[in-house]
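> Below is the structure I would like to discuss, written out as structure tokens.
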Amino acid sequence: MTRRKIQIKKIDNTTARQVTFSKRRRGLFKKAQELSTLCDAEIALVVFSATGKLFEYTSSSVQQVIERHGLLSSTFDKLNQPSLDLQLESSTSAALSKEIAENTHELRKLMGEELQELNMKELQELEKLLGSGLKRVRDAKGEIVLKEITSLKWKGSLLMQENKQLKQMANQQIQTLELELEQGQSSEPIGDFIHSDPSQDHDSSGTSLKLGLAFPNGI
């Protein structure tokens, strides 16, 4: 004879409910004891009846099992839940990644890429933005060119001053040399007279004597 399957729902009859509770509680505790013995498992069962009466079974100590369960649950939660620092880091990383992606997309549009998805208004705004950027580039370029021209003019002025000073120094040296040459030429005849050869004077005297002897009364 097959056993009739009992529908699992609350038993309305109080007496039948208490009898069923007592039977099933004893059966549950028996199964827990068998599981602990056969598998060397640490088991704790805590049951409260409808009237609030406590029934418990444990293979060791209920308090010990509860403390072990609390410690394990706390450790498991800490391992599975990221810390506040990790959450902030993850949030910051996600925001930076999003910003980088947006900036990369904008840069590609400025470079003339990925324009197919833009409508007419967005293209006009992009054109206006490029025009403003081009104007700023030209202004910056003009400032650099102006600075370079000013620097070249300043360097040219310095070179002109140096050339002027070199010309003045050269003229002074030329004048000094000319003066020295003039002084040397004016002193040359006196030197020749002082340093004339005595033999020439002797020859001249001899010639005069010879002429006197040849023509005693003169010519």
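Start at 1 and count along the chain as shown; that gives each residue its number.
Positions of Cβ are set from backbone N, Cα and C atoms, glycine also.
Automatic prediction, not curation, is the source of TrEMBL annotations.
Found this in TrEMBL, in case it helps:
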DOMAIN    1-61  domain 'MADS-box'
DOMAIN    86-180  domain 'K-box'
REGION    185-209  region 'Disordered'
COMPBIAS  194-204  compositional bias 'Basic and acidic residues'
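Looking at the shown structure, what environment does each listed feature sit in?
Look at the domain 'MADS-box' (1-61): DSSP puts its residues at 26 helix, 10 strand, 25 coil.
Shown for the domain 'K-box' (86-180): DSSP residue counts in helix, strand and coil, namely 86 helix, 0 strand, 9 coil.
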